[in-house]
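Straight from TrEMBL, the features:
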- 28-119: domain 'Ig-like' (DOMAIN)
- 136-211: domain 'Ig-like' (DOMAIN)
- 227-312: domain 'Ig-like' (DOMAIN)
- 317-392: domain 'Ig-like' (DOMAIN)
- 398-485: domain 'Ig-like' (DOMAIN)
- 490-584: domain 'Ig-like' (DOMAIN)
- 591-690: domain 'Fibronectin type-III' (DOMAIN)
- 695-792: domain 'Fibronectin type-III' (DOMAIN)
- 793-886: domain 'Fibronectin type-III' (DOMAIN)
- 888-982: domain 'Fibronectin type-III' (DOMAIN)
Amino acid sequence: SNYPSVFVCVRAWRVCFDRVYDATGYGPVFEDQPVETIYPEESPEAKITMSCRARANPPATYQWRLNSQSIDLDGDNHYTLVGGDLVISNPIKNKHVGNYSCVATNDYGTVVSREAGVRFGYLDFFSSEEREAVHVKEGQGAVLLCAPPPHYPHELSFRWILNEFPIFITLDKRRFVSQTTGNLYISKVDLSDSGNYSCFVSSASIAKSVFSKFIPLVPLTERGKYPADIKVKFPDTYALVGQNVTMECFALGNPIPQIRWKKMNGELPSNHDVSMAGAHLHLYNVQYEDEGTYECEALNSKGKDWHRARVSVEAFPEWTESINSTEKDISSDYTMSCVASGKPKPHVQWLKNSYYDKRDLRFSGLTFKDSGMYQCIAENRHGVIYANAELRVIACAPTFEHNPVKWRILGAKNGRVVIECKPKAAPKPSFSWSKGTELLFNSTRVLIWEDGSLEILNVTEADEGRYTCFAENNRGQANSTGSLSITEATKITLAPSNADVTVGENTHMQCAASHDSTLDITFVWTLDAHTIDIDREGSHYERNLNGGSSGELLIKNTQLKHSGRYTCTAQTPVDNVTASANLVVRGPPGSPGGVRVEEIRDKSVRLIWSRGTDNHSPISKYTIQCRDSFSQEDWRDATTSPPDVEGNAESATVVDLFPWTEYEFRVIATNTLGTGDPSSPSPKVTTLEAVPVVAPSDIGGGGGTSRELTITWTPVQPQYYYGRNFGYIIAFKPRDGYEWRKVTVADPGAKHYVHKDSSILASTEFEVKVKAFNSKGEGPYSLMAVIYSAQDAPTSVGARALSATEAIVWWLPVTQHTVEGYQVRYWRKAEDSETSSQRVVLSSRENQTRLDNMRPDSHYLIEVKAYNAAGYGPPSQHLQIYTKKAPPSRPPKIISKKLKGTSVNIAWEHVEPLANESTIDGYKVLYRQASKSTGMLFNTGKRSIDLPMHKDGDYIVEVRAHSEGGDGAVAQIRISGNTSIKYQRNTFTKISPMASLLERALMNVACVD
């Protein structure tokens, strides 16, 4: 069992002597490893390929493991090895599902790849059972359950089909599809939601989609309003550092609830986003500080609901200390160390040549057996990471073949010289030095280091000569020689001087040096020990080249950051020397620090800060700025007491703030040279509550349903709430009454109140006023306004269709003297929404009207309202009518024309109406001069007519079919004088019913049997 290790050790020992083997031989290093694979059960390609490729010299051989057990590639015809890849042909679910790993081996050792799972993906069809219809009151919320069929993997995407594929419903603040359950949520149902719905499920992993049986949604016309009720609730969630997380929250209710998100005991992370009208909260690139409890709140005018859940942040394993391939001398000591971070804390294991090694990898006295491929594995419940390294134990006699002593060494007079001696040797050799034939020993000027280097201090020309390093271990010895030459030392001849400037000014730092004439000299400048890159920072630094021995530095447009200690280093290949000076840049003050808030009251706070740097010019004053939660981006100067904050102050009182408002503050310092940068914002604080002082505005109202009083106002802006539990008190009384009636509305966003009282007479004059209140008390009333209670609805409404596009409607007038007119609305019941209805507005003197621009053969709803200056009254009951079918679209075909003395006979074929057209009642014939649009109009039930011939001029004969839906398309004939007839069979026009009415008014009408 030890033979392979001995073989590896022999090869390792040869490293010192065989250059080719040393340059190219190494153990396996993975370039491609298997990945998690989902194989669709219905895949037309009946094979799975697991990738594996390793870089190695000599080339690696490969084996595969399934669930940590070696796969018999020869004994199972499902498996084929292609290079290092494993191909599974005609995979079988209960045989080939599992975790696969690849094993790569060569002379230097063995490594095992990360594990990758093979799973079979599927998405079954929905059940063929019919889905029950869902009946919901208009305004109520609805939930349509998806109940996806069995599937793998678990990740699915959901959409919903409306009536037919591929018509998908559009998501908005009223409709939401959970990507967790697939359910469709409608916060409040409208009549327009009526239809058949199907859940459409897609699996991206296997590229397959299925859809459910249709679910009929039937809205009922009974209306209502309902408080917010959260139905989609995000669960407690685990997120990994760096991942993105989406939380879902959606509520039913009427009015449509507004969704708000917050993080308890903190701000929402800066890397968050809210989408889908508030239903989705996205956290991007999650970090540990994003951990905590999150809340979504759903709010409407009828009530609110909230839900909380915790987001816990954990982490995939990550190396903080890893292993690297290395060569170590035989008999030396060595420790392999792997440290991984992660949450939960990862468990670390070791492999040597693909097998678990339970030893503590601290080697004392390495042997050839310790050579091999080592792997460190860190694992927690979120995943596994691998680190691979080759340990090569070597043994050889000293050799300078690749690293001889430098053949020429230069040293500066009176300086220090170090001559390196670094042969390759294992085990570590002992060292000795000679100068010429003289053996050297440690002294006050000469020192032989432990690594073999020779150090000589205060060198002079007498130290010039040839130096030889000798290295020896138990496998042999070697030596290498170099020559030492002494040069003149470099000296600073002109040192930089201290300088004092103002921001924006220019200055310079001098520097010059003498040096050995045989050597090149360069100058390097540093600022507070950081090297100045003149090429990159050319806008502020420039070298003034006055000969090769000068390194003067020009500093342009100085800024505060340029203050500090400048050091000039004059250096040659042999030595270097430095000189330093200080630069003071005076400018506007730095930003104050430690801004905090104390003594918080309703309209004032006390602000405390610590002084920033004055940048060498005393601070003359401070400016306090603030911003509130209603103007997040806008900082404004705050009012302070006293108004001017002196430069020696470190506190101030900020006044004229809004009560119960969240503020943050910052401080800016100023001196004679300008104004500095603002401080970091203070922690956010909320001022104390106070009684409201702003009343609602634009008091009005009127209209509504019979026996109701509708009162409206413009709500108070949130910054004027001044406290929690904000709401409104509405006071009203009849104009001639004495006692005010008061009601309370607790919704701060409310814009109206409807008071229902069966004793209220229609169009009664009321005085109304509104004031605000909060938990601290009541504010002042608004200005009083005069409004009217609702009018009665028109009664005895009737209607009938006149044609395919016209109808007439009538009603009994409302008796109140305040009525100024009526509004008639009409719309198609199924196809149109009530908001897109057509309207006709009439004066109070009228109680009927004609409706036009209607669609043929359609079911219409009609309502009538009275109105006055206060608004619209209640609508009448909806009246239903059906328009007639469309008139004939084809013109009559003229088949004959005969002259009969002083008349002409015109005949035509009967027009056969289409299935969606009205039955023919007869024909209309218009006989007119060619230059005029009016003439004689004849009605006939026959298919021919005799018309009188005129002696002079051209005449036009127009023939059209007539039905209850209106007049059809027209055929024309031109008759010239008393001699000829010209046919215009192809000229025909659809005549609208309104055009027919105009003709009746403009023409004489004759009837022909």
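The chain as shown is numbered from 1 upward.
Each residue, glycine too, has its Cβ placed from N, Cα and C.
Automated prediction, rather than curation, is the source of TrEMBL annotations.
Each residue in the domain 'Ig-like' (490-584) gets a DSSP state, and the totals come to 3 helix, 48 strand, 44 coil. When pLDDT is averaged over the domain 'Ig-like' (227-312), the result is 92. Helix, strand and coil residue tallies for the domain 'Ig-like' (227-312), in that order: 6 helix, 55 strand, 25 coil [DSSP].
Helix first, then strand, then coil: DSSP counts for the domain 'Ig-like' (28-119) stand at 4 helix, 52 strand, 36 coil. Residue counts for the domain 'Fibronectin type-III' (591-690) under DSSP, split into helix (H, G, I), strand (E, B) and coil, are 0 helix, 48 strand, 52 coil.
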